[in-house]
Amino acid sequence: MLYYLFEWLHKLNFPGAGMFGYTSFRALMAIILALLISSIWGDKFINLLKRKQITETQRDAKIDPFGVNKVGVPSMGGVIIIVAILIPCLLLGKLHNIYMILMLITTVWLGSLGFADDYIKIFKKDKEGLHGKFKIIGQVGLGLIVGLTLYLSPDVVIRENIEVQKSENEIEVIHGTHDLKSTQTTIPFFKSNNLDYADLVGFMGEHAQTAGWILFVIITIFVVTAVSNGANLNDGMDGMAAGNSAIIGLTLGILAYVSSHIEFAGYLNIMYIPGSEELVIFICAFIGALIGFLWYNAYPAQVFMGDTGSLTIGGIIAVFAIIIHKELLIPILCGIFLVENLSVLLQRFYYKAGKRKGIKQRLFKRAPIHDHFRTSMSLVEPGCSVKFTKPDQLFHESKITVRFWIVTIVLAAITIITLKIR
């Protein structure tokens with residue numbers, strides 16, 4: 001909104017109004033404003049949650065031996081993150097930009113889904129929350145909206161990066177002069193760092209391009225569902241999900257910035273995406289909101305984000321990566337989320353396989369994997385064998401959290417470095 005006001009003032013030659021035309025200025029303002037909202041207003045909101053007794057519900061110590069220490073801590077703090085993202089974006093962003101619109105829809109959509117889940121848990125006293133099938137329907141619905149919008153909108157285009165052999169030892173990357181609708185995505189180790197989904201369904205002949213878009217929509221649905229659930233599982237320790245997501249957000253912000261700048265895109269040999277500079281505004285608000293929230297969520301947590309926050313930040317990361325055509329980098333960048341997801345799936349599969357044989361067995365002491373590192377064998381169900389019992393030493397949750405942050409930083413660096421590998 002302020003962008004349009006200052007654009008009008010700039011036409012009237014109002015001093016300083018031209019600053020809002022610079023993406024870097026608006027991005028800096030977005031991160032500062034989001035940080036202030038989440039830290040200052042967040043404190044007031046936490047006190048409101050306490051007064052209304054919107055707190056973590058009692059947990060069964062046999063099921064969750066760590067949760068009993070968290071009872072009474074305010075939950076649904078994800079509202080702080082959502083508000084701290086939306087206000088800067090609405091004030092500083094170009095609200096006609098298709099990418100900004102999609103990110104705002106994602107934030108509100110998954111925020112509402114997570115809010116419904118938390119509401120049922122806290123106010124209806126139902127520990128299961130929103131039924132799993134409704135969560136999946138919500139995530140699939142969002143993936144469908146995002147995928148079809150990127151397919152149908154004429155504003156969603158790229159300029160393809162092309163490698164040109166200038167000499168025997170020198171390759172120059174140039175970009176086409178025409179905007180294209182494309183099913184290409186960025187992936188290391190492929191020619192020009194690009195993979196075209198249409199090539200994967202080349203056997204469809206003249207229908208390959210349409211089939212490529214259908215495949216893209218399916219992958220979009222899968223990525224949105226997987227990453228939002230991964231972030232949800234990662235939110236099991238104080239500061240864990242917020243810290244990891246801020247690091248991932250910073251990396252995506254860098255990728256969005258270079259994708260919106262034709263020279264930087266050429267340096268990294270990735271496609272140029274016109275209009276994606278508005279995503280930098282959004283991701284800066286995202287980072288600022290998470291850092292401000294982390295002020296209260298770091299150990300010992302004064303507030304939990306709940307599913308209101310974790311589903312939202314996971315979905316934001318997924319949709320953002322899809323928009324900038326970097327969704328196939330998610331297994332590297334969001335490696336922590338991937339491992340958390342896999343640990344839960346493998347634990348269930350291994351347990352059920354043993355149950356069919358009449359054996360009590362688990363792959364890890366506890367899942368998701370971050371709980372494995374703080375669980376002693378005494379907390380495992382009596383008579384249950386555990387495949388992986390190491391490490392013998394138990395770690396405090398703050399140490400586990402920081403180490404997971406470090407792993408995410410390393411994965412973020414690898415994500416960017418791989419793009420320079422020819």
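Each residue, glycine too, has its Cβ placed from N, Cα and C.
Residues or ranges marked as transmembrane segment by Swiss-Prot on the basis of sequence analysis: 28-48 (among others). If you look at the transmembrane segment (28-48), the same-chain residues 6 or more away from its ends with a CB under 8 A from one of its CBs are 74, 77, 79-81, 83-85, 87-89, 91-93, 281-282, 284-293, 295-296, 302-303.
Among the features that Swiss-Prot reports, transmembrane segment is placed at 71-91 (among others).
For the transmembrane segment (95-115), the residues of the chain that approach it from at least six positions outside its boundaries are 1, 3-4, 76, 78-79, 82, 85-86, 89, 130, 135, 138-139, 141-142, 145-146, 149-150, 153, 155-156, 228, 275-276, 278-279, 281-282, 306-312, 314-316, 319-320, 323, judged by C-beta separation under 8 angstroms. The feature transmembrane segment is assigned by Swiss-Prot to 95-115 (among others), with sequence analysis given as support.
Per Swiss-Prot, the feature transmembrane segment maps to 136-156 (among others).
Under the heading transmembrane segment, Swiss-Prot lists 211-231 (among others), citing sequence analysis as support. Sequence-remote contacts of a segment are chain residues at least 6 beyond its ends whose Cβ falls under 8 Å from one of its Cβ atoms, and for the transmembrane segment (211-231) they are 110, 136, 139-140, 142-144, 146-148, 150-151, 183, 185, 196-201, 204, 241, 245, 310-315, 317-319, 321-322, 327, 330, 334, 336-338, 340-341.
The transmembrane segment feature in Swiss-Prot is assigned to 246-266 (among others).
Long-range contacts of the transmembrane segment (279-299) within the same chain: residues 23, 26-28, 30-39, 42-43, 46, 77, 80-82, 84-85, 88-89, 92-93, 99-100, 103-104, 237-239, 242-243, 245-246, 249-250, 252-253, 256-257, 260, 305, 309, 313, 316, 320, 323-324, 397-398, 401, each at least 6 residues beyond the stretch ends and with a Cβ under 8 Å from a Cβ of the stretch. Sequence annotations record features per position, and here Swiss-Prot assigns transmembrane segment to 279-299 (among others) based on sequence analysis.
Residues of the same chain lying 6 or more positions beyond the ends of the transmembrane segment (313-333) and with a Cβ under 8 Å from any Cβ of it are 78, 81, 85, 99, 102-103, 106-107, 109-110, 139, 142, 146-147, 150, 158, 184-188, 195, 219-220, 223-224, 226-232, 241-242, 245, 248-249, 251-252, 255-256, 259, 271, 273, 276, 279, 282-283, 286, 290, 305, 411-412, 414-415, 418. Per Swiss-Prot, transmembrane segment is recorded for 313-333 (among others).
Per Swiss-Prot, the feature transmembrane segment maps to 399-419 (among others); the stated evidence is sequence analysis.
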Highest Cβ pair tally under 8 Å against the transmembrane segment (246-266), stretches 71-91, 136-156, 399-419, lands on 399-419
